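These features come from TrEMBL:
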REPEAT    172-206  repeat 'PPR'
REPEAT    207-241  repeat 'PPR'
REPEAT    242-276  repeat 'PPR'
REPEAT    277-311  repeat 'PPR'
REPEAT    312-346  repeat 'PPR'
REPEAT    347-381  repeat 'PPR'
REPEAT    382-416  repeat 'PPR'
REPEAT    418-452  repeat 'PPR'
REPEAT    453-487  repeat 'PPR'
DOMAIN    601-686  domain 'Smr'
C-alpha cells in the first residue's frame, strides 16, 4: 500500500486545473525591476531535455521545497506516527483490518474532514469544533491534505490559522500555499493576495510554489497583467522561476499585450526545450493572428503536430479564425478536416469561424454547407454571420440562396435585420435587375427605421439601369441630392455603367446627372456622346485629368465603361485612344505577352467593349509585324478570355468571343485542353491577315 502524501506531492499542492481562455489583447505592459535580475535570453540552471506539449502548466509545478518535505516512512520517526510498511497477502483474513489502518483510510478521513470544514459556518468556534471532533491527532502532513481538499474560501483562512496555532508546523509556507489553492479554485485573486501579505507580516518567506499559485490564479481570473506583476516580483523575494513557470509566462505576457517578451520567451523555450501547455500555444497563435503574421500561426500549428500533440478545440478555432482573416479558405478546409479526423466535435465558434473564412473569400458552396449544418444542429446565427452570408451571396450572384437566408433570419426570433442586411439584399436583387424585389426590400429597410445609404442607392440605380428604367435612375439620383449625400467615385461609376446599357436616344437624360455628380466626368462623356469637334489632343487631356482625379480602385472600371460607351456609339477611334491612355497609365497592364513559342493577348480583366477594342488593336499590330516589318511569328498565337462567366449572367467573355471570332472568320479555335484559350498557328494567322488586307484594298 502506497503512502499518498509522499507518493504524489503534486496532487496535493498543484492539481491540474484548466487555464483560462481569454480573447482580448491588453495594452503592452512596461517591464519593471524584474528585468534587472532576470534575462529571458539567459540559460536556465536546469534545461529541459525535450520541447513538448503536456498537461503541465504553472498550476502543476512541483516546488522544490515541497519535494524535500516528503514525509518519512521510518517507524522510529517521532513525527510520522506510522509503522513501517510490509507486504500483506490481499487474501489474508488480516488484509482488511490492515487496510483500515493504512494511510488510504486516513486520507479518506482527511477528505471527509475537509468536506465538513467546507460545510461549517465561517467562524473560529465552529471550525475548532469540527477539527477537535476529528477523533485523532493531526500531523503536519494531515493539515496539508485537509487544506488541499477544501473548496470554501470563507472557512479556509480560519482553518489555516487554527492549524498554524495548534500544530506549529516547521514549513508554514506549504500550508499558506495550499490555502492559496483554495482561493484559486474559486478564482478569488484578492483573497490570495491578502493571504500573501499576511505571510510576509508573520515573517513567512514565500517560495516558488507561492508565486506560481498566484500567477495561475491571476491567469484563471482573466488578469494577465497581474500575473506579469507577480512574476516580476519573484526575484525581489529570492525566487527564480523554473522552466514550467517561464513557459506559462509566455501566455501571460501575450495576453497582457507584451508581445515582444512573450515571443522572446518562446524563442528561448524552443532553444532550451521547455514543456509548453496547449493554452500557451493557443496564445501564441492569437498573437501571430492579431499581428497579421498568419504564416506564424501555421508554423505554431505545424510545430505542435511535429511533437505528436493534438491541438485542442480552442486552438483549432483560433487557427480557423486566423485563416479567415488571411483569406486562405483552402487552409481553413485543411484545418477543419484535421479537427474532424482527430475526433473533435465542432462547436458554435468553429462554425462561425468557417462561415467568416468562406464568406470573406467568396467560397459560396462551402459557406452554405456550414450554414445548413449549423441549422440542422439547432445552432443560432448572429446578425453578423447572417450578414456575412448575405454579403457573399450579393458578391457571387446567389439570388435564391440570399432570399432563403434572409427569410430564415427574419423567422429566427433572435436576429433583427439591420442596415447591412438590407444593403446586401438590395444589392443581390439590383445586380440581376429584379426591380420589384429591390424596391420591396428598400421599403422594408425604411419601415425598419434605416435611411438608405449611398451604397444602397447606388445599387438601386444599378437595378433601374439594368431594367432600362432611365426615368427612375434620374429620380433616384435626385433623391440622393435631396438627402444631402455627396456622390462618390463608385456612385459616379455606376451612373457611367448605366449609360453603357441605355439606348442612345435616352443617354442625354443621364448626362445632366453625371455633370452634377462629377463635372470632369460629365465633360468627357459630353465630348463622346454629343460628337463635339475639338482640337487634337483636347480629348486626351480631359480624359487624363479625369483619371488623375479618381481613386486607383475605380480607374479601370471608369475606362472600361468609357470604352464600352464608345463601342456602343460606334466610335472605335475614341475607344482605341482611351485604351492607349490606360496602357500609358499602367491601368491595363499585362495585356500582351511574348515568348519564343507563343504570343498571347490576355483579356480576362476587361469589359466586353474594352476586350473587343484590345483585340482590334492587337490584330492591327500583328498585321504590321507580319505584312510590313517581316518579323517572324512564333509557332502559336493565343487569346486568353478566361473560362468564367459573369456572376449575374449565363455568358462569359469566352462565349461572346467565340461568336465574334467566327464573324471575323478568324482562324482562332478554342483549345480543348485549355479552357478560355483560343489558339491558332502562325501559318493560319498570316494567311488570314493577308486575306483581310486584300479585302480592305478591294473595298477601298
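Using the three backbone atoms N, Cα and C, a Cβ is placed for every residue, glycine included.
Not measured: the values here are computed from a predicted model.
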Sequence-remote partners of the repeat 'PPR' (382-416) [C-beta within less than 8 Å, at least six residues beyond its ends]: 352, 355-356, 358-360, 362, 364, 367-368, 371, 375, 424-425, 427-429, 431-432, 434, 448, 647-648
Under 8 Å between C-beta atoms and at least six residues away from its ends: which parts of the chain pack against the repeat 'PPR' (418-452)? 383, 386-387, 390-391, 393-394, 397-399, 402-403, 406, 409, 459-460, 462-464, 466-467, 469, 483, 647-648
Under an 8 Å Cβ to Cβ limit, what residues of the same chain, 6 or more beyond the ends of the repeat 'PPR' (453-487), are close to it? 419, 422-423, 426-427, 429-435, 438-439, 442, 445, 494-495, 497-498, 501-503, 506, 509-510, 513, 516-518
Composition by DSSP (helix, strand, coil) of residues within the repeat 'PPR' (382-416): 27 helix, 0 strand, 8 coil
